Amino acid sequence: MQSLASWLTDWNALFGQREWPVYCTADEVNIYFVRPNLFNSVNLFHFLCLFLHRCCPWSRCCGMGDFRPRTVWLGHPEKREQRYPRNVINNQKYNFFTFLPGVLFNQFKYFFNLYFLLLACSQFVNELRLGALYTYWVPLGIVLIITMIREAVEEIRCYLRDKEVNSQIYSKLSTRGTVKVKSSGIQVGDLIIVEKRQMHLRLTSVAHSSPPLPGSCFLRTDQLDGETDWKLRLPVACTQRLPTAADLLQIRSYVYAEEPNIDIHNFIGTFTREDGDPPVNESLSIENTLWASTVIASGTVVGVVIYTGKELRSVMNTSNPKHKVGLFDLEVNCLTKILFGALVVVSLVMVALQHFAGRWYLQIFRFLLLFSNIVPISLRVNLDMGKMVFSWMIRKDSKIPGTVVRASTIPEQLGRISYLLTDKTGTLTQNEMVFRRLHLGTVAYGMDSMDEVQSHVFSAYTQVSEAGNRISPLAKAPAATKVRKTISSRVHEAVKAIALVHNVTPVYEANGVTDQAEAEQHYEDTCRVYQAASPDEVSLVQWTESVGLTLVGRDQSSMQLRTPSGQILNFTILQMFPFTYESKRMGIIVRDESTGEITFYMKGADVVMAGIVQYNDWLEEECGNMAREGLRVLVVSKKSLTEEQYQDFEARYVQAKLSVHDRSLKVATVIESLEMEMELLCLTGVEDQLQADVRPTLEILRNAGIKVWMLTGDKLETATCTAKNAHLVTRNQDIHIFRPVTTRGEAHLELNAFRRKHDCALVISGDSLEVCLKFYEYEFMELACQCPAVVCCRCAPTQKAQIVRLLQERTGKLTCAVGDGGNDVSMIQEADCGVGVEGKEGKQASLAADFSVTQFKHLGRLLMVHGRNSYKRSAALSQFVIHRSLCISTMQAVFSSVFYFASVPLYQGFLIIGYSTIYTMFPVFSLVLDKDVKSEVAMLYPELYKDLLKGRPLSFKTFLIWVLISIYQGSIIMYGALLLFESEFVHIVAISFTSLILTELLMVALTIQTWHWLMIVAELLSLACYIASLVFLHEFIDVYFITTVSFLWKVTVITLVSCLPLYILKYLRRRFSPPNYSKLTS
């Protein structure tokens, strides 16, 4: 039975159809034993693998139906108690056996295609047959063949992408040593070795990198939760004592883990070693875990796989993607339903005019077949081919290189976007922090004056006595004035404080010339890499290095700085107070080993530091100025302590940490006793560098009438700074920061406060958003939609998708979601248009998106040029195809009416097929090359895009106009032919059909706004094809008659009467009521 279940699982993995695709990269794996040094330590971490597996139909029988806790034996996957999802990706919609029936079902489940299938099948009934079978089956077959080719190409591409990801190679510990295994072969319980460069291809440091602290590693989670801070992860202590990684296979140990769930911030589990004396039990928490979609930033990791496939946190936080049908397709579908209603009405009228004589019910079916051209079968194939052309144009646009169209069915959606929802980290920003400003109150240093800071630091540490002892920079500076000395001293103290108050650790790595041990011993600059829990911290330390004070070493109890002269300054870390979201500050107490001085340094947000530092009159003003520039502002301060003061504080601090009740409150109270009357040293301004041309792109989108919402998992302060820096919030707009709310009453009060503000951007956290949506969903969305910009911070992936869904439901407008990480996949798949940005953080978002770009700035051209053109061209093409069908249907109606309502076709055989194919197909389809303005004009005047949001290119008004044009031209051609024909019926066919072809060619020329050389070729080619085919159409047309002058003047008159009035109306409209774009082109 087990082998049968295993065979079924393998079969499903190979051929099973996936309903919920999640795209990801192969270098994301998860519970780990972290081995910072493969030669002396092994640490337990939580290892997960990010490859979604679609469960087989028998998953409940196999034990995969419900999520349950599990016991995982280290290195022994065969001991599993239940079946787990395989570690494979299968994003294909079909397999080898389901492709043909699947494609056919998806085509004929819509009424439009099913209707034509029934028409074709009706020709097998003799009483209903109107002509040759091929007149109905050939057009339907062409449509199906084109659709199958397109689906097959997409399936092959999807298969190749899946194969590449599933074939990624990892190292696995086994009884045979270290073996290579494909990612698809990883099972729960395997011990996997992952080095830093495996986790993310952009990390180029060599393997076996040293960790920042013994038995630990830093983790990047921005692809999972959007937070840019690096997380420190700790190992299980008992595994540290094992001499080698191979010893993990020799011990009897297992992990008991909770059932899979969506909570990415918590984990409950235990680690048990049974062969110990006594047995060892250790608890596991989130600090021992490494989820999928995260990246190891330091150390070498050895871990046991706990979750795979659909049980991953990242997968469970990914909503089920919906099948996207464009709004344009829905509108066209609505118009075809109206046309079908017209078809039924015309057929009933014809039978009614016969007074329902004889077998009238058969006559109804015959008229339905006779007027079937009212619903054009070529409409769908023309639109699908047009979308393929639009997608090709997007891919080949040299001004947006690297753009990929993964959903070729919705390019016209890009032309009607009302709300754009974007991620922050990696999308709007580069996630690279740059130090921009140092402010001392009386003087500020920007990027152009950092050499002055460097000279101050240099002078502070290079003035030494002849004995080599460092002395104060103020002791020897005879040429300097008192003011100069004061500024120099303040700069030196500020730089020194910034170099000490942080959680950054320098890590040394071999570089091919110097090995790791030698680099660490001599503090080699070329081998040093800074690692920290926040990129802000790293940027500050890198700046102090650039001005001469370099952090060269750190462990849990000491820190080493190197001066510009090469001297090493040693500091002992006495206490460390880490940053928390509640305190919004961090502090450190250090002792200078050379002088014995004890100093308490602190930095934090201005809102909390203002009450801690000594009174001053510039802090609030300068913090506001720097924040308006989009800089992240930190206030740095210090306080000197005597030995007695520190000993007193330490005693109270230790006592507070030993408290059982209210420990956190007592510890905070003791720390706050130090945080009084601190000396304000400086302000620092750090900028998260924006992507190229983000500001002008957002300005273009705003002018185009698109409202931009930023949804990020990052902190509120960071999100607000980025919104200001990117000019998402303009300078003249106020910002309303929604207070944290937890109850219905608080949410009600805060919503009322927000309601009183106008033209105000909203900033709200994910927790407060959840409360508001729970109790006041309608009221909140109504207020938020009125805002010029909205920033949602601390958003979970599912929350992002929920916001997109609510916008669609409440406004009925089209949404576009833009992101670059795995935490953006849900939002991208939920939106009407999903755009993925291929960046440094992998390709999860770009693979899951409908469109993939390499830079955010490309979004402007994608929407303003390609989106606008695709929508306008699709609208013109669809209406012209409908006009082409209505013309010939009107002629058929007139013909039947004149001949006593007989159900006899006007045109038969090749004439009816050739009319919508070789005679008119190329000119009509050439409308996909038409454009009203140049791309440069569309980018320069984004207001042109705003006109499309009302859906005017394709509306009931434009549809009715084209219907009236079709009825007029069809009636003129048919009545003209009946009036001017001489004696034989075949002359009516020749005159009317030739006039019809010429009218269609002239109408295409009338519709075109900008000529392309291919349009001219299409017109001439179609006309040549028709003239050449007349020789072979002697069965339907009198060849001798068409060579006479009588034929030529009759066709000319009829064509002029049908087209000339429309040309005159077009000229008058352009003369007295020109459209907006014509003013720009002129």
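Glycine residues also receive a Cβ, built from the backbone N, Cα and C atoms like all the rest.
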Worksheet item: What range among 363-383, 783-803 does TrEMBL record as transmembrane segment?
Response: 363-383
Worksheet, complete the sentence: Contact set of the transmembrane segment (881-901) with the rest of its chain, CB cutoff 8 A exclusive, min separation 6+ beyond the ends, reads 335, 339, 346, 350-351, 353-354, 367, 370-371, 373-376, 378-379, 382, 907, 915-916, 920, 924, 959, 962-963, 965-967, 969-971, 973-975, 978, 992, 996, 999-1000, 1003
Worksheet item: Of T425, N823, the binding-site residues given in the record, which has the fewest other CB atoms within 10 A of its CB?
Response: T425
Discussion item. Let me spell it out: take the transmembrane segment (134-153), skip the flanking residues so only those 6+ beyond its ends count, and list any with a Cβ under 8 Å from a Cβ in it.
Written reply: 93-94, 99-100, 103-104, 107, 113, 116-117, 119-120, 123, 377-378, 380-381, 384-385, 388, 408, 908-909, 912-913, 916-917
Worksheet item: Considering pairs 6 or more residues apart, do the transmembrane segment (959-979) and the transmembrane segment (1039-1065) have at least three CB pairs under 8 Å?
Response: yes
Fill in: Other C-beta atoms that fall within 10 angstroms of the C-beta of R794 (ATP binding site)
21
Fill in: D820 (Mg(2+) binding site) versus R794 (ATP binding site) - Cα distance in angstrom
17
Practice prompt. Count the other Cβ atoms sitting within 10 Å of the Cβ of D824 (Mg(2+) binding site), across every protein chain shown.
Written response: 36
Practice prompt. Report, as a single number, how many Cβ atoms besides its own are within 10 Å of the Cβ of G713 (ATP binding site).
Written response: 28
Worksheet entry | Rounded Cα-Cα span from D824 (Mg(2+) binding site) to T425 (ATP binding site), Å | 11
Worksheet item: What same-chain residues lie close to the transmembrane segment (1013-1033): Cβ under 8 Å, and 6 or more beyond its ends?
Response: 910-911, 914, 918-923, 925-926, 929-930, 994, 997, 1001, 1004-1005, 1039, 1042
Practice prompt. Would you mind giving the whole-number mean pLDDT across the domain 'P-type ATPase C-terminal' (847-1074)?
Written response: 89
